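Here TrEMBL flags 296-359, 370-427, 431-491 as domain 'MIR'. The transmembrane segment annotation in TrEMBL covers 9-28, 68-88, 100-120, 126-147, 154-174, 186-203, 208-226, 246-267, 571-591, 611-632, 639-659.
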Amino acid sequence: MWGFLKRPVVVTADINLSLVALTGMGLLSRLWRLTYPRAVVFDEVYYGQYISFYMKQIFFLDDSGPPFGHMVLALGGYLGGFDGNFLWNRIGAEYSSNVPVWSLRLLPALAGALSVPMAYQIVLELHFSHCAAMGAALLMLIENALITQSRLMLLESVLIFFNLLAVLSYLKFFNCQKHSPFSLSWWFWLTLTGVACSCAVGIKYMGVFTYVLVLGVAAVHAWHLLGDQTLSNVCVFCHLLARAVALLVIPVVLYLLFFYVHLILVFRSGPHDQIMSSAFQASLEGGLARITQGQPLEVAFGSQVTLRNVFGKPVPCWLHSHQDTYPMIYENGRGSSHQQQVTCYPFKDVNNWWIVKDPRRHQLVVSSPPRPVRHGDMVQLVHGMTTRSLNTHDVAAPLSPHSQEVSCYIDYNISMPAQNLWRLEIVNRGSDTDVWKTILSEVRFVHVNTSAVLKLSGAHLPDWGYRQLEIVGEKLSRGYHGSTVWNVEEHRYGASQEQRERERELHSPAQVDVSRNLSFMARFSELQWRMLALRSDDSEHKYSSSPLEWVTLDTNIAYWLHPRTSAQIHLLGNIVIWVSGSLALAIYALLSLWYLLRRRRNVHDLPQDAWLRWVLAGALCAGGWAVNYLPFFLMEKTLFLYHYLPALTFQILLLPVVLQHISDHLCRSQLQRSIFSALVVAWYSSACHVSNTLRPLTYGDKSLSPHELKALRWKDSWDILIRKH
């Protein structure tokens, strides 16, 4: 029984020293003097504020992508003990002592460093040579733009890491498929592919491009699997089911999990609350939740309410009125009703309060027991501070002449009777007997006399309307557009019939406590929609650029300038690598077209295994470049050079593949191969030389003289040389 103790326990392992060396060099290049500069560098000012929000557990909304990327950066801050107390308001600002700079930049740097050995493994999994794999890894190692982006508190290096991990995992799975399907390693790599794809999408929406690429390649392979007559129907079904679960179900579940964790972490009210609906705001700690705590849930006749427009554009606002009237004559010569103005006001105000009145009774208080308002009921909305009823009639609105004016009715003893009856429609009702609920119900008010719908036009009134937003009666309302939908945000049961007592009541807190927690899926749906619909400022930036400028490296970005010396950091690529990558893409496209034409004529220049290897490498590398680059031509957002970096990594992977193909299949003699190999070595040497030349702008640790700076501006020197000739 104890016989195994008589013999030594021996563990053997195969260690790829090349992989170890590449990993070590990657870590050294990305982690060396990581805390320098100890100042806010370019977009660190943007991501840093979200890290502070996480540290303080304050809700925020960012339209650049899902929350997983921000959580990765925040994890670095958490590990470093960051308390979130830093004012992220200026690029170049010195970090205070409480900011753990090394920890905040660590995870992006690790992602950038691990991308180097991952490039090596991807080329090996494509069944190209060790030399080609080393070439791809070395190019990833020395590319200046990738080094710069990895050493800062930015997300591109993390996105690239998960893009490459998704491709590598799928290739590992695909190669397992040939000899050990449904094995433990087969399941591991297939599952990891789905996890990596989900993480890539969770970092930035740009991750969808690589996810679609992997799905496309997997779909082609699954199609070939369907035609494999050696497999039974049950086996084929199991293959397809496994792929569907790993590549579709798992990414969706993980994507939801990112938002679930995000909403757990940021549960406090913050500066972005107003973008969200009243129900969402009320689910956060503090802010509206504090204001609305204790409100009655069901709106009854006699309730005092504030009505918020659900659309929230151009700004969130509340139905509002004040004693000023519309001008008798507008500037364009049109006349008005001269009734009391009704607007939408983007701030909390006592003039936002309205009383829901039963048209059949005179009371402006809630009866005992309360009589709830239901879908389809007729109501009058009485302005709390002026006691005038919401009214619309066949008079053109001030800025929207094709719509009706909305006012609070003043009886001038002229032939203009009040038209103040409105029918309540609950848009998100479960049945036609649903009760109007505070915050939860989204409602429309349809005018009984004219069938016009109460709507926020979004136009700003002139100075006579205090630049508030115009409210109109829209006759031709198609569907339930958000501008016609309202919800009750603040609510109390009115108990005072006298006006003075009622005015005091409008300023007093409510007392009845009703819980109205939103479900996770409701909060996720709203947050996701807001992220997709929210438009950031797309104004031109000093360093913005177009996709055409990226390929030729016709642009760069000055990330940081030392306040006292001429040391500086630029996002600037290695021109040898960038131009060579573009040439490799062109050569791959031309050779592929040539081979296809020849194969059509039944001339097979490549053995079948070499052809399949060439096609798969092109699908993943050239295809990866295309899906990560071409969509930017369709985007209207402000673009920067760093948007090209994910596409560049796939270009780098393709480059040694094309070089090996030329050496193996196009160089006919040993002499030609020797000459070509010497040219490749010289080319690699020039790339290393350029990388080393640009090192001061990559790390920013050297003060440069004006002459040295001018020498590094390769494009300016090239333009001068052309003009001289």
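Every residue, even glycine, has its Cβ placed from backbone N, Cα and C.
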For the transmembrane segment (100-120), distant same-chain residues with Cβ under 8 A (at least six beyond the ends): 18-19, 22-23, 25-27, 29-31, 34-35, 38, 48, 51, 72-73, 75-77, 79-82, 133-134, 136-137, 139-141, 146-147, 149-155, 157-158, 160-161, 164-165, 168, 649, 652-653
Long-range Cβ neighbours of the transmembrane segment (126-147) (under 8 Å; 6 or more residues past either end): 18, 22, 25-26, 29-30, 112, 115-117, 119-120, 157, 160, 171, 571-574, 577, 613, 616-617, 620, 641-642, 645, 648-649, 652-653, 655-657, 659-660, 684, 687-688, 691, 694-695, 697-699
Confidence summary (mean pLDDT) of the domain 'MIR' (431-491): 88
Recorded stretches the transmembrane segment (639-659) and the transmembrane segment (571-591) touching, at least 3 CB pairs under 8 Å: yes
Positions on the same chain near the transmembrane segment (154-174), where near means CB under 8 A and six or more residues out: 42-44, 47, 65, 69, 72-73, 107-109, 111-112, 114-115, 118-119, 121-122, 125-126, 146, 185-186, 189-190, 192-193, 196-197, 199-200, 203-204, 206-207, 210-211, 214, 217-218, 221, 620, 624, 628, 642, 645-646, 649
Recorded stretch that, among 68-88, 246-267, 571-591, 611-632, has the most CB pairs under 8 Å to the transmembrane segment (186-203): 246-267
For the domain 'MIR' (370-427), the number of residues DSSP places in helix, strand and coil: 0 helix, 26 strand, 32 coil
Interface check, the transmembrane segment (208-226) with the transmembrane segment (611-632), three or more C-beta pairs under 8 A: yes
Contacting positions for the transmembrane segment (246-267) when only residues 6+ beyond its ends and CB under 8 Å are counted: 53-54, 57-60, 66-68, 70-71, 74, 190-191, 193-195, 197-199, 201-202, 211, 214-215, 218, 284-285, 520, 523-524, 527-528
